[in-house]
Amino acid sequence: MALKPTHDLHDRRYGRNLGVGLTLAAFIAVIFGLTVVKVTRGDFESPRAATSASGTAAETEDTQ
Amino acid sequence: MSDASLNPTDLESDAQFGDYFALLKPRVMTLVVFTALVGLLAAPAEIHPFVAFCAILFIAVGGGASGALNMWWDADIDAVMRRTAKRPVPSGRVTGQEALSIGLALSGFSVVFLGLATNWVAAGLLAFTIFFYVVIYTMWLKRWTPQNIVIGGAAGAFPPMIGWAAATGGISVESLLMFSLTFLWTPPHFWALALFMRKDYDNAGVPMLTVTHGRPATRRHVLIYTVLLAALALATGFTSAGGPLYLSVAIVLNVMFLKGAWEIWQRDEHMAETDNYAVEKSFFKLSLLYLFLHFGALLAEAAVDRAGILWAGF
């Protein structure tokens, strides 16, 4: 019996697999984009870091 | 022998990606996306455009998840209604178990990611909306009381509140007004549909008002709820959410809507059958336009306000 490179099952499920693959790729892109936005805006800074950052800024202003 | 040949009849009807997407009720999702977007953009808060996009995406996925859970639970009655018989579960393209799994997975996913992307007030509202639509409406009210549409309509009314909460982190009078607008719009919209879909709900045994109280009572209820809706829609024009632009749109649309409801009330079944429910069908179409234009006007008012602030800044 000759070996077929793809089973009939693969042909039937091609569209479905492609859709799931593209959805997962889009999901990764969304999460990556969201992470970039959150990190660049400083949303993930700890409260202590944010306080010390603002304290440093205030000290800098005082000395000027 | 491969496992693929074990059950060839099942594999002949492999569900395609579109079948799974159809589980999410894409047409309902457009309403969810639009009203949530208006809530989000009309809110007096700055939100990063990509975060806003993610918020709308997760709200849409949450709405879709509740649609999948609704199709899982209602497969038996969907199968006997002409309008719903071709849905993926009753038509056999997707199994009920798959619909349940997808619905549960996407529910959890959408709530958690909305919380992470925006805030937990918005995520909590989305979780409550899914719970309300699936458990309160689908599992409980729909097969129990003719008021199913009235109370269950709350589920469809939450998206603008979620959008607002995603931007502001809270609830306000304006977001409650947007909720109320959709909440009061739902009964006349669905009862008009029930009037011209005739036998569908009868066959399924769903206690729609047309089945339990008859068609004349349904026509009366359409008029009563339209009057209440018009009062609310016009009153909204005098709040901080409204303005002259919204009020102009609301006056025109509500006069048209009241006229349609009045005509529905004036008609009996003989008149409706004569013209194949032309008035009921045009009222249903108008109801779709009604909601889209009201929310569009609210969005325009918010845009005008923002432009005014920007202009004042120069």
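Cβ atoms here come from the backbone N, Cα and C positions, even for glycine.
Feature list (source: TrEMBL):
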| type | residues | note |
| --- | --- | --- |
| TRANSMEM | B:28-44 | transmembrane segment |
| TRANSMEM | B:50-73 | transmembrane segment |
| TRANSMEM | B:120-141 | transmembrane segment |
| TRANSMEM | B:148-171 | transmembrane segment |
| TRANSMEM | B:177-196 | transmembrane segment |
| TRANSMEM | B:222-239 | transmembrane segment |
| TRANSMEM | B:245-262 | transmembrane segment |
| TRANSMEM | B:283-304 | transmembrane segment |
Exercise. Do we see three or more Cβ pairs under 8 Å linking the transmembrane segment (B:28-44) and the transmembrane segment (B:177-196), pairs being at least 6 apart in sequence?
Worked result: yes
Exercise. Counting only residues 6+ away from its ends, which parts of the chain sit with a Cβ under 8 Å from the transmembrane segment (B:222-239)?
Worked result: 150, 173-174, 177, 180-181, 184-185, 187-188, 191-192, 195, 246-247, 250-251, 253-254, 257-258, 260-262, 264-265, 283, 294, 298
Seminar exercise, completed: Same-chain residues at least 6 beyond the ends of the transmembrane segment (B:245-262) with a Cβ under 8 Å from one of its Cβ atoms are 188, 222-223, 226-227, 229-230, 233-234, 236-238, 279, 282-283, 286-287, 289-290, 293-294, 296-298, 300-301, 304
